[in-house]
Structure formats: C-alpha cells, structure tokens
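Among the features that TrEMBL reports, domain 'Nucleotidyl transferase' is placed at A:8-259. Annotation source TrEMBL lists alpha-D-glucose 1-phosphate binding site at A:Tyr100, A:Gly165, A:Glu180, A:Lys181, A:Ser191.
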Amino acid sequence: MKKKEMVAMLLAGGQGKRLKSLTKSLAKPAVYFGGTYRIIDFPLSNCSNSGIDTVGVLTQYEPLVLHSYIGVGSDWDLNRKNGGVFVLPPHERENGSSWYRGTADAIYRNLKFVDQFDPEHVLILSGDHIYKMDYNAMLQYHKARNADCTISVIDVPLEEASRFGILNTEDDLRIYEFDEKPAKPKSTLASMGVYIFKWEILRKHLLNDGENAGSSHDFGKDIIPMMLEDGQSLYAYPFEGYWRDVGTVNSLWEANMDLLCDNPPLNLNDPDWRIFTRNPNQPAQYVAPGAQVSGSIINEGCIVRGEVKHSVLFYGVEVGEGSVITDSVIMPKVKIGRNVRIHKAIISENTVIEDYMEIGIDREDEDEILLIDNRSKKRKSVAAKTI
Amino acid sequence: MKQLMGVINLDHELDSLNELTYFRCGAAVPFASRYRLIDFVLSNMMRAELESVGLFVRRKYRSLMDHLGDGKSWDMNRKHGGLFILPPDWNDPTDTSRGDLQHYHNNLDFFKRASAKYIVFSGSQHINSIDLQDLYQYHLEKGADVTLVYKKIDQLQPEHDVCRRIEVDEDHNVTNIHQEKDHHNLYLDIFIIEKKLFLEQVEYCIAHGESYFFRDVIQKNRHKFKIAAYEYEGYHAVINSLESYYKNSLELLQQENYHSLFKENQVQTKIKYEAPTRYLESASVSNSLVANGCIIGGTVENSVLFRGVQVRKGARIINSVIMQKCVIEENAVIENVIMDKDVHLSKDRILVGDSKRPFVIAKSSKI
C-alpha cells in the first residue's frame with residue numbers, strides 16, 4: 001500500500017440505545033438526519049472535503065444497513081485505487097475471537113490495517129455528531145505544535161459542561177487533565193470525540209492498553225489519561241461552528257429543527273463543503289394546489305397536499321389533503337393520509353398514518369418528542385368519530 | 001446470455017428548441033425538474049438489462065457526454081458491454097456511406113463484438129416508459145423481421161405533425177408507413193430487428209447508395225418484410241419544439257402523468273449532491289414540481305423548478321420552467337417563461353411570455 005500522511009478511523013459500531021426504536025435494527029451512524037442524510041455522511045463528507053482519502057469504518061452493532069450504505073464509498077468520492085473506504089467489523093483471529101471491547105480496542109484490533117499505510121498520523125472520528133469540519137486544518141495545527149495528540153474541543157455553556165468530557169488546559173491549550181462528565185467543571189472545553197494522534201505514539205499505548213485486563217479500552221477513559229500520565233504532549237484544538245451530539249430522540253429532533261430557520265447555523269447548501277449522501281434517486285417533489293409549505297425542508301419524491309410547517313420531510317413522504325404537520329421529522333417513505341395532525345414527533349421510516357389520526361396534539365408534556373412507528377398506538381381525532 | 005443490445009440514434013433529431021438547443025443537442029435538454037431527455041430512453045434500456053447500448057450522435061454533444069460520463073448512473077459502466085458513446089470520428093477514405101448508415105458502417109465493430117442477436121433502436125424525443133423486454137418477447141412470438149412500436153393517440157397535437165404513422169391490420173402487422181397528419185397510430189421511433197438482418201441490410205443499402213436505415217430499409221420494404229406492430233399504452237410525450245417542451249413540462253403537474261412516468265422511480269439520471277429543498281417562512285408554493293437544492297422564499301405556482309434554484313422573498317413565478325441554479329431576486333415576477341440554466345434575474349424585473357408561446361431566456365443570462 002502507498003504511504004499516507006494520515007489515515008482516518010471512524011468508530012461506527014455503537015448502538016445508540018437512547019435513540020430507542022430508531023436504532024432497533026441499524027447502528028446509530030446509519031440513523032437518518034436532515035431530510036436526506038444519515039449521521040455518518042457528516043464525518044465521511046468531512047474526510048472527503050478535507051482531502052483524506054483513506055478511511056477505516058469500524059462497525060459492530062447491526063451493521064447490515066451501514067455496510068450496504070457505505071458500499072465502495074463512491075458517494076463520498078472514497079472509491080480509490082490507493083486507499084478509499086474500508087469497512088472493518090470484528091473478525092476471528094488465531095487466538096480466538098471477541099467483539100470490540102471499546103473504542104480503543106477497535107483500533108487495537110486493526111493495527112495491521114493502519115500499519116499498511118505507514119501513516120504519520122491517525123485521525124479518530126465517531127459517527128455520532130452533526131458538524132462540518134476541516135480535518136486538514138486540524139492536522140496543520142497538530143503538526144505546528146508537534147503534538148502527540150490533538151483533541152478537537154468546542155466551548156459549551158458552563159451549566160451544560162457536566163454532560164461532556166471536559167478538557168482542562170494551560171493557557172497555550174496544552175491539556176493537563178481529562179475530566180469525564182465532571183460534577184464541578186473547571187473548564188468549558190468539551191471534547192468532540194475527534195482526535196489526531198501520532199501513529200507511533202498511539203500504537204505504543206494501544207499495545208499497552210490491549211494487554212491490560214483492567215482497562216475499559218476507551219479513548220476518553222483509558223488512552224488519554226494514560227498518555228497524560230506518560231507526559232506526552234496533548235493539545236486542544238478549538239473548533240468554532242455548528243456541532244451537535246444527536247444521541248437522543250430529543251437531541252436528534254432539535255438538530256433537525258436547527259435546519260429550519262431562514263439562515264440556519266448549519267448550511268447544507270454550501271457548494272464548497274457539500275455533504276454527500278447516497279441519492280435515493282426519486283422524482284421531483286410535488287406540492288399540490290391548496291398545499292401550504294413553510295419553514296420546512298422537503299426532499300425529492302415527496303407529494304404534499306396538506307400543510308407542512310416547520311418540519312423536515314425525507315424522501316418519498318406523502319401528506320394527504322387536510323393534514324397538518326408541525327414541528328416534526330418525517331422519515332423516508334412515510335405515508336400520511338388525509339386530515340391527520342402531527343405535532344412535535346419523529347415518524348420512523350415506512351410508517352403508515354391513517355386518515356384522521358392525531359399524533360402529539362393536546363398533550364401535557366410537550367418537551368418530550370414522540371417517536372412513532374407502525375407498532376405505536378395511535379388515536380383518531382374527535383372529528384373522525386363523529387363522521 | 002443477454003440477447004438484446006440497444007442503439008440510441010440521435011442523428012435524425014433536429015435541434016429545434018431554439019435557445020435551449022443552441023449549444024446542446026435535443027437529447028441533452030433538461031426536463032421534468034431533474035432529468036434530461038436522454039434519461040428516459042436510457043432508463044428504459046437499463047430496465048431491460050441490455051448487453052450494450054451504442055449512442056450515435058453527430059453534433060453539439062459536449063453537454064450530452066458530460067451528462068452521460070461512463071454510464072454509471074444507468075448501471076452501464078460494465079466490464080463487458082455497457083454504454084458506448086460513438087461520435088462521428090471517421091477516417092476511412094473508401095467510405096461511401098451516407099446518412100445514418102455512416103454511423104452503422106463506421107461502427108460495425110460495435111455490432112459485431114456484441115454477442116446479442118437482436119438490436120432495439122430508439123430516438124430520444126418520444127418520452128415513454130416502454131418495457132423493452134416485453135417488446136423483445138413480442139417480436140420473437142410474432143416471428144417478424146422488424147417490430148415497430150406505436151401508440152394510438154386520441155387527440156393529435158401540433159408536435160405530432162412531423163411524426164411517422166403506421167397502419168396496422170387485425171393481426172397486428174404493419175400494412176403501411178406514412179406521415180398523414182390525421183392518422184392516429186403514432187410511430188414512437190422505436191424498432192427491434194435481428195442483428196444479422198440489420199447488418200445485411202446496412203451493407204446492401206450502402207452498396208445501392210441509400211442513406212437512412214428506417215426510410216430506405218424498413219419503410220421502403222414494408223410490403224416485402226414481415227413487420228409487426230407493438231402497441232404501447234403508457235405515458236407518452238413528443239418533445240420536438242419549444243411549444244411541446246413547455247406544454248409537456250407543465251402537464252407533468254397533473255398527477256396521472258407524474259405517476260405514470262415515474263412509477264417505481266424507474267427513471268435514472270446523473271446524481272448531484274444537493275441538500276433537500278428549503279422553504280422559508282415566506283414561501284408559498286402550489287401545483288409545482290421542485291427538485292432538490294432550491295431555497296424558496298417567494299411564490300411559485302404551476303411551475304417546474306430544477307435543482308438549486310433560488311426564489312427570493314417577494315418573487316413570483318407562475319406557469320414557468322426554471323432550470324438549474326437560476327436566481328430570482330426579490331420581487332421579480334416571471335410568467336410563462338422558460339429559463340435556461342444559471343440565469344440571474346435582478347430585483348423587481350418582470351418577464352411575461354404568452355401562455356402558448358413562452359418567453360425563453362438563454363443560459364447564463366444576467367437580466
């Protein structure tokens with residue numbers, strides 16, 4: 001294999017339990033976002049746009065959808081003669097087999113994969129976040145400081161800091177402490193789960209960690225503290241821009257809603273930083289006479305006859321006459337009948353909503369986002385009963 | 001083994017869509033929000049899983065070749081067979097062929113190398129969703145030399161005037177081929193023939209100074225050959241003039257047309273990576289087809305928007321076809337207009353065409 005300066009390793013094996021039924025039969029990075037994307041499109045597109053052409057994708061939980069989605073990587077321009085995208089599920093080895101025991105273990109088990117490219121640096125990514133980031137700019141920062149490890153951080157409000165892995169740094173952003181979800185945070189720099197390591201140094205620590213039976217084999221909990229203890233130089237790389245963790249039903253809904261204002265903080269229409277995705281190749285969307293669409297994003301293949309306000313419609317969704325959809329995310333190929341009302345809900349792929357159904361109307365707890373699929377109990381409106 | 005190969009012959013198609021075909025051939029004209037006319041015949045051939053598809057084109061094919069690439073979008077980037085774009089680069093000093101026979105004569109290798117035994121020919125101006133495998137089976141069952149595809153048109157339109165007609169007997173054999181304008185059996189510019197017979201006839205015709213395969217072989221020998229007729233009943237539109245382009249574009253807003261053309265997402269095109277379309281708070285859209293990548297803040301009625309169109313607040317688009325990446329600034333008004341790609345219309349401008357004769361704005365204009 002040709003030598004590469006940097007190889008990306010994308011951790012995509014997570015289940016994402018807090019996404020409930022959305023991850024029942026697919027891994028979290030394959031969850032839909034933003035009318036046409038899956039979460040993994042963001043790190044893959046960032047790699048492609050940053051000029052990183054070699055990406056290992058570590059899969060484990062329910063990988064079928066993810067594997068077939070990634071394919072040979074041509075949608076992200078990652079079908080290359082030298083490098084490209086590689087799907088790396090756990091595999092049987094001479095001395096037995098087991099699952100990936102943690103994020104660091106997933107890389108440890110694929111040392112041979114990384115070694116093939118003899119890289120100077122390795123970029124570790126996760127498939128849980130929505131953001132646009134130039135990893136090449138981060139690499140230049142990492143090289144300029146001759147860092148052993150650079151961790152991308154985002155400034156979070158102090159009151160939210162205890163939900164994140166917080167990095168405590170000197171004034172020059174050299175990291176002296178990693179604080180996982182601290183009760184009393186000393187800083188507001190939260191780790192984004194994006195790391196660049198010198199491969200030689202990371203390799204050594206992975207070998208140590210791999211032999212350590214007491215370790216949880218996690219980058220945040222084990223590898224970073226071990227490197228700090230060994231006196232390696234770790235730096236924080238401040239990222240400015242839109243970044244959201246979409247690990248829960250509510251946060252996934254919120255990140256979708258973030259796209260809907262007239263000048264959204266995450267611009268998906270930037271021709272210089274496209275988010276690539278597998279195109280489902282649907283005909284143009286049709287908005288019927290009498291339909292009303294505002295403050296929404298709608299994908300191809302949709303047929304809208306009702307009212308769609310402040311909502312996200314994925315491809316192939318049909319909304320019947322008289323139906324009103326507000327503040328909701330409607331995933332691919334959902335069929336919504338006539339005179340349906342949906343408010344503050346996420347409707348899963350392929351769900352059929354019959355005429356006169358009411359979802360999320362007149363409920364007490366509006367803060368919780370409803371997650372609806374074909375198995376959910378639904379009720380018809382009073383209007384339907386009187387007909 | 002695949003028994004069928006395809007030829008898309010654009011040689012006889014006139015580029016008669018005025019501004020839209022000054023710099024591109026008719027087959028490359030954008031249509032239906034996100035396609036180009038050639039996508040429909042290519043998708044028909046893709047679904048029939050042909051061994052190889054040859055594209056014969058003589059003029060203005062840069063835009064077409066850019067669109068087609070290696071045929072990947074139609075699954076035609078194959079190790080064996082797939083898509084062959086065959087422009088006219090001919091250097092045989094002894095060549096005496098003329099007309100579309102030139103293409104066939106100069107690309108005999110394309111036909112001979114394929115293992116398929118039958119060839120289906122099609123143009124690009126008749127938009128349809130024919131099942132070519134069904135046509136092939138029909139052709140075999142009929143034991144015909146040639147099978148022509150036709151559609152019975154109840155209400156003839158001006159764009160049908162230049163199309164050929166066929167007369168059919170009760171056994172579905174073709175008894176006559178002509179161009180009588182009031183005849184309702186429209187020939188769809190699709191026929192199927194055995195490769196062996198085709199190559200024999202090409203050689204014979206060139207030796208006898210003929211020029212066009214359909215006219216000089218099929219039409220001329222209509223009483224000698226056994227010519228079967230295959231009736232097609234699905235979506236059909238002829239696009240050979242600006243008026244027919246405009247009319248058929250807006251008729252796709254009728255749901256029965258949309259559904260019969262796009263059932264099961266059967267039409268493939270070159271993939272672009274646009275975000276889904278964003279409707280701003282001020283958007284008002286009704287009875288319109290909209291592709292991805294648009295940002296709509298104004299009013300759009302009875303119109304077709306291609307990818308990446310921006311309609312700013314207060315702008316109004318009525319009964320119009322707006323192609324890729326046009327920008328319509330604040331409070332501009334457009335009615336009965338066909339706007340080619342990359343047009344920028346400044347604030348407060350008003351462009352109004354006639355409902356029968358749309359106003360056409362050439363590509364990349366700034367107004």
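Placed from the backbone N, Cα and C atoms, the Cβ positions cover glycine too.
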*Taking DSSP three-state, what's A:Glu180 (alpha-D-glucose 1-phosphate binding site) in: helix, strand or coil?*
strand
*Taking the Cβ of A:Tyr100 (alpha-D-glucose 1-phosphate binding site) as the centre, how many other Cβ atoms fall within a 10 Å radius?*
22
*At its widest, how many Å does the recorded alpha-D-glucose 1-phosphate site span between Cα atoms of A:Tyr100, A:Gly165, A:Glu180, A:Lys181, A:Ser191?*
24
*A:Gly165, A:Glu180, A:Lys181 as binding-site residues, winner by CB count within 10 A*: A:Gly165
*asked:* What are the sequence-distant neighbours of A:Ser191 (alpha-D-glucose 1-phosphate binding site), meaning same chain, six or more residues apart, C-beta distance under 8 angstroms?
replied: A:Ile151, A:Ser152, A:Val153, A:Phe164, A:Gly165, A:Ile166, A:Leu167, A:Phe178, A:Gly220
*Based on DSSP, name the secondary structure state of A:Tyr100 (alpha-D-glucose 1-phosphate binding site): helix, strand or coil.*
coil
